[in-house]
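Database features (TrEMBL):
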COMPBIAS  B:352-365  compositional bias 'Acidic residues'
COMPBIAS  B:429-441  compositional bias 'Basic residues'
DOMAIN    B:32-163  domain 'Exoribonuclease phosphorolytic'
DOMAIN    B:189-253  domain 'Exoribonuclease phosphorolytic'
REGION    B:352-371  region 'Disordered'
REGION    B:377-441  region 'Disordered'
């Protein structure tokens, strides 16, 4: 299956593909907002509580304190080597900073917002899937946001060709894997992280491709929300 | 966040409903909630939904040395986690009393019932055995965690396939899934837990209590049983006294429920296997219902990346050229090195209006600067005697002004207030040159 996919992705001659996307919102009854996001076979479940009561030490006087927990499927969070090739805690930080950038936390000072992301399966592009799940979770909870954001992962193959939304195998073979968080207001970059080496030109190429892909993902967000509110 | 407390009104209302043999979700006393099982893309991964309670199960394996007292047995490890996603009161990484109790019960239900053949997990006696790890994550807490977790545990174990191994002499080979099909675990039977909630000292009984019912119940009885009607574990908690026939009645109900659940599990496993064999689509993406308006799917989407290269090139040409790279560190004295000269301090630069005033004062400053220079000269002459070859750096403590004196050059280069202006102009011409370069680029 993976090889067929590979050929399909790579053979397009400059044309890149995003794997099939699906999402479900509000699937958990307890959290204030929840969403499952599935990219190909990679899936992440997000559950969000807040704005709610905050513990004394975490309280911020001017805005809501956002906490992000990324839970791996096997082993303990933040220390597991499988998820944490870049460190689970580091990914948590990246997601938190990205969410903080769009969340209008000043509207809810002295409160806590807890976002829990549970990895359901990791077959490549996990971080971008986490970001997408986080955004849909925030949307489902109805928290005020300055804009939306989405995550896009690009892989650079050894021959220099660019791949969007790579599978785990493609990520392994790739020379560099770059993940961007892009906001919906004017396609600006909220976060970027890279593994492997690439030139400045390749970085710009990946970024340009990610921005194109982001447009597709935002259309997907819009369509899924339109469907959700179609009976209101 | 704290758990929302249950009000007295709510408590009384729930108890009253139980007395009238009614339940809030419309079930009868002995009704079990709907069980839904979905499988992930990898082996040994499943989500079990019991009503709104949801548990994720994942089995993984690893080759480890066995325990010294059980040299020919594989190791089973269970870990149930109450994710903070499941309820606001659950804190990450805290071993609460509830968690310890649940973990112990799961172990008794799945390990101590000997449902997994641990001897078949032995690869080399006394040296290498498989350690099977079962991770269970509670995703949503709507009561009866133990039943959902026990179902998820046994389903994940049944679904799991471990890599095939072969032993030739001393050599152990582990085959990848491509080389040899992974093998399932040998499972003797499937124990499933069923919970009963008791109210008013055991007068009323409810099967599969929901979260609200759990909060007002007096006692809980959990019976783990397999489809052969063998009791694997039984536990009563909450401190109620149960009569013999109550326990017997519960075990009869358990037998019926376990038969239903086991059948469902087997059907789900068969379905998944069939789909995998036929090469159809499987994984969580397929388990999302299509009709729900909260769910949405998108097919593989092509993204046009044809002119990405041109766009990238355009951005790079437009962008400022990278600042000059100083490959050689500047060495002022032995033992110090500096990369680049840094940027000129703009505070010293005078504005147009101030420049005239400055010109008036120049006479005075010239004189003082001259004196200053003189003193420095004296200083350096002393220094010169001691170290002839070395360049010397003197720093004025009052102003952040660095004086570099290179003893070999006869007209001494000093950077003082007086020749600062000259330097400025030379810098400006340099900048102009750079700008011109950029324009031609």
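Yeah, the Cβs are placed from backbone N, Cα and C, and that goes for glycine too.
It should be emphasised that the depicted structure is a prediction, and the values quoted were computed from it without experimental measurement.
Mapped onto DSSP classes, the domain 'Exoribonuclease phosphorolytic' (B:189-253) shows 16 helix, 26 strand, 23 coil. Across the domain 'Exoribonuclease phosphorolytic' (B:32-163), the DSSP tally of helix, strand and coil residues reads 32 helix, 50 strand, 50 coil. Mean pLDDT for the domain 'Exoribonuclease phosphorolytic' (B:189-253) in this predicted model: 93.
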